Amino acid sequence: MSLKEQDKNSKHLSLQEDERCLSIVKIGGHIIEDEHQLAQFLKAFSGIEGPKILVHGGGKKANQVLEQLGISPKMVSGRRITDADTLDVAIMVYGGLTNKKIVAQLQTMGCNALGMSGADANTIQAVKRPVEDIDFGFVGDVSGVSSSSITHLLNIGLTPVFCALTHDEHGQLLNTNADTIAAELAIGMSKHFDTTLYYCFELNGVLRDVTDTNSVIKKINAQSYKTLVHQGIIVAGMLPKIHNCFHALKNGVKEVRIGNLALFDDANTNYTTLIL
Ligand SMILES: Nc1ncnc2c1ncn2[C@@H]1O[C@H](COP(=O)(O)OP(=O)(O)O)[C@@H](O)[C@H]1O
Ligand SMILES: CC(=O)N[C@@H](CCC(=O)OP(=O)(O)O)C(=O)O
C-alpha cells in the first residue's frame, strides 16, 4: 500500500474512531485451507468499515505438517496437547506460513495488515496451562491483553492479524486456541471500543441439523445453549466456541455472531447471534 493510501486510511480511521466501534473476526481452519473461500473471506473482511482485527487458527494445516513429520496430532476437549516438537510446528505454521500468507493477500486488497503473535509488542500475555488431570504441555491460557498498544496500531491505520500464539513474558511461546484469543482480545478491547466479535466458519451458523444448511438457529441464550447441548445438537468444536462467546458477552463485548462468509453482508440475516 502506498504512503498516500495509508494516510487516507488513517484519516478515515480517526473519523470512525469517534464512533468507537471495532470488529474482531476469527476465521476457522476450513476456510483458511480453501484457497477460493479464503480469498472471498479476505475480500469481505477488508471491506469492513472502521477499525478491525483478524484472528486465525490453522489447526488443520498443523495436523497435516505433524503427520508429514511422523508426529500424531493429539487433541483433548478441542485443545491440542503440545509437546516441544508440536510447539515448533505450531510456531512455523501459525506464526509463519498461515499468518504471512494472509497478511500478503490483505495487502493486495487495500488493507494494511500487520502480522502478530501475542509476543509481538507484548500484546497477549499467557500462562502455561497448569497440569491438572491432563498435561497440555506448551498451551497458554490468556492472562492479559495490552489493549492500549493494540489501540495505537489501530489509530495509525494498521489492521492487526493475530495467529494462535501467545507468550509467557519469560521467552516461552505458547500455543493458544484461536477462538479463545479472539474472545480475550474482544474483552480487552471493549475497554476502548464498542466491540463486535464475529466467528466466521464454513457453515451458515449454529445449525439445528448439521447436514441441513437451512437450519440456522438465529438466537442462542445461556438457557437454550444448555438445552441444545443436552439434545446433542451442539457438539465437538462448537462447544468451546460457544463457551468463548458467552465468556465474551459476560465481560463487556457488545455483540457476538457466528456464521459463514456472508456474515458481514448487510442484507444477510442468516447467522447465529448469541445473547445473554
Ligand atoms: N450445531 C452445530 N452447528 C454447526 N456446526 C457444528 C454444530 N455442532 C458441531 N459443529 C461442528 O463445529 C465445527 C466448527 O468448530 P471448529 O472446527 O472448532 O471451528 P473452526 O473451523 O472455526 O476452528 C463445524 O465444522 C461443525 O462440524
Ligand atoms: C491449544 C490449541 O488447541 N491450539 C490450536 C490453535 C490453532 C487453532 O485454534 O486453529 P483452528 O481455529 O483452525 O481450530 C491448535 O493447535 O489446534
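Note: Cβ is positioned from N, Cα and C throughout, glycine not excepted.
Binding of substrate is annotated in TrEMBL for Gly58, Gly59, Arg80; the matching candidate from Asn122, Asn155, Asn175 at the same site is Asn175. A separation of roughly 14 Å, to the nearest angstrom, links the Cα atoms of Lys241 (site 'Transition state stabilizer') and Gly59 (substrate binding site). Highlighted in sequence order, Gly57, Ala62, Thr82, Ala90, Val93, Tyr94, Ala164, Asn177, Ala178 have their Cβ within 8 Å of the centre of the Cβ atoms of Gly58, Gly59, Arg80, Asn175, the residues recorded for substrate, and are not part of that set. Here the Cβ of Lys241 (site 'Transition state stabilizer') has 24 other Cβ atoms within 10 Å, regardless of which shown protein chain they belong to. Here the binding residues for substrate are Gly58, Gly59, Arg80, Asn175. Their largest Cα to Cα distance works out to 12 Å.
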